[in-house]
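**Q** The structure follows.
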Amino acid sequence: MKLMVVSGSSGAGKSVALRVLEDLGYYCVDNLPIDLLTQFVESIQHSSQNVAVSVDIRNLPKDPALLKNTLALLKKTHDVTVIFLDAEDKELIKRYSETRRLHPLSLIGEQCSLEQAVTLEKSILSDYREEADLVLDTTTKSIHDLSETLRSRILGRESKELVMVFESFGFKHGLPTDADYVFDVRFLPNPHWEPSLRPMTGLDKPVADYLAKHTEVIQLKEQIQQFLTTWLPALEKNNRSYLTVAIGCTGGQHRSVYITQQLGEYFKQQGKQVQIRHKTLERH
């Protein structure tokens, strides 16, 4: 039996995550208090059906150690994955404003504005976020995008191997919050300054050929490969579910896309479970 624990900021998409898990055959329980989690799992441990539980700010224990200890205990006997969903403050505020719903902290008596509630919740959840196997930033994701991302990540975990996620991004759009490692490639030769290459992306052959002829590009790619290859066994022993590697250039169109694609394809050839995403390209 697999157990998925879904947590995160209110308005970040926990209900969407549960619907996806339900579609994938999971038995889903919404807003289960942490102190009942072990008892609940024990009651259904002989079931062949996978289980997903969402944890809400309203029923989290005041002491983060309780969640940490509960998860550590469950992981000794079950296949447990913790998913944490988050989004930028302004996006969460926008979502609540559009739906005109009350924030959970307002419902339990906190005397604060919506903006203060969002900030307070993130502060409370910071310790819980550290327990997550997978952190997803839903700021720019539609319900469909989030559903597809979750479906891909969850199905990618079926073999119980560590999933390597390579994602390109543009620094001008902000740092990805779900990355374990971030590599800055803005110092590499920029195809943007070649008029014929400017409208293309790092997935196009002319751009790939342009970058591949520069020694520093190949050297950096090989050094990142070597770094990850060296430390991958230790990361796998640490019971991680995902390793997210983000590669950033200025706009997220050329250099980061090329390096990300090359790294992803390299580790696929090594037999690893790999997912490749290009965040800036997904915006258009």
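Quick reminder: no glycine exception, Cβ is built from N, Cα and C everywhere.
Copying in the features that Swiss-Prot gives for the protein in this structure:
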{"type": "BINDING", "residues": "Gly8, Ser9, Ser10, Gly11, Ala12, Gly13, Lys14, Ser15", "note": "ATP binding site"}
{"type": "BINDING", "residues": "Asp56, Ile57, Arg58, Asn59", "note": "GTP binding site"}
**Q** Which of these binding-site residues has the least crowded Cβ, counting other Cβ atoms within 10 Å: Ala12, Ile57?
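**A** Comparing Cβ neighbour counts within 10 Å for the binding-site residues Ala12, Ile57 gives Ile57.
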**Q** Do you know offhand how many angstrom separate Asn59 (GTP binding site) and Lys14 (ATP binding site) by C-alpha?
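**A** So the alpha carbons of Asn59 (GTP binding site) and Lys14 (ATP binding site) sit roughly 14 Å from each other.
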**Q** Please state whether DSSP places Lys14 (ATP binding site) in a helix, a strand or coil.
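**A** In the DSSP reduction, Lys14 (ATP binding site) maps to helix.
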**Q** Around the Cβ of Arg58 (GTP binding site), how many other Cβ atoms lie within 10 Å? Please give the count over every shown protein chain.
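**A** Excluding its own Cβ, Arg58 (GTP binding site) sees 12 Cβ atoms within 10 Å.
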**Q** Can you tell which of Ser10, Ser15 has the least company, meaning the fewest other C-beta atoms within 10 angstroms of its C-beta, among these binding-site residues?
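**A** Among the binding-site residues Ser10, Ser15, the lowest count of other Cβ atoms within 10 Å belongs to Ser15.
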**Q** Cβ-Cβ under 8 Å from Gly8 (ATP binding site), same chain, 6 or more residues apart: which ones?
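**A** Sequence-distant Cβ neighbours: Lys14, Ile83, Phe84, Leu85, Asp86, Leu125, Arg129.
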**Q** Show, in sequence order, which residues other than Gly8, Ser9, Ser10, Gly11, Ala12, Gly13, Lys14, Ser15 on the same chain lie with their Cβ within 8 Å of the centre of the Cβ atoms of the ATP site.
**A** Leu85, Asp86, Ala87, Leu92, Thr138
**Q** Looking at the binding-site residues Ser9, Asn59, which one has the fewest other Cβ atoms within 10 Å of its own Cβ?
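**A** So among Ser9, Asn59, the binding-site residues given, the one with the fewest Cβ atoms within 10 Å is Asn59.
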**Q** Cα of Ile57 (GTP binding site) to Cα of Gly13 (ATP binding site): how many Å, rounded?
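**A** So the alpha carbons of Ile57 (GTP binding site) and Gly13 (ATP binding site) sit roughly 14 Å from each other.
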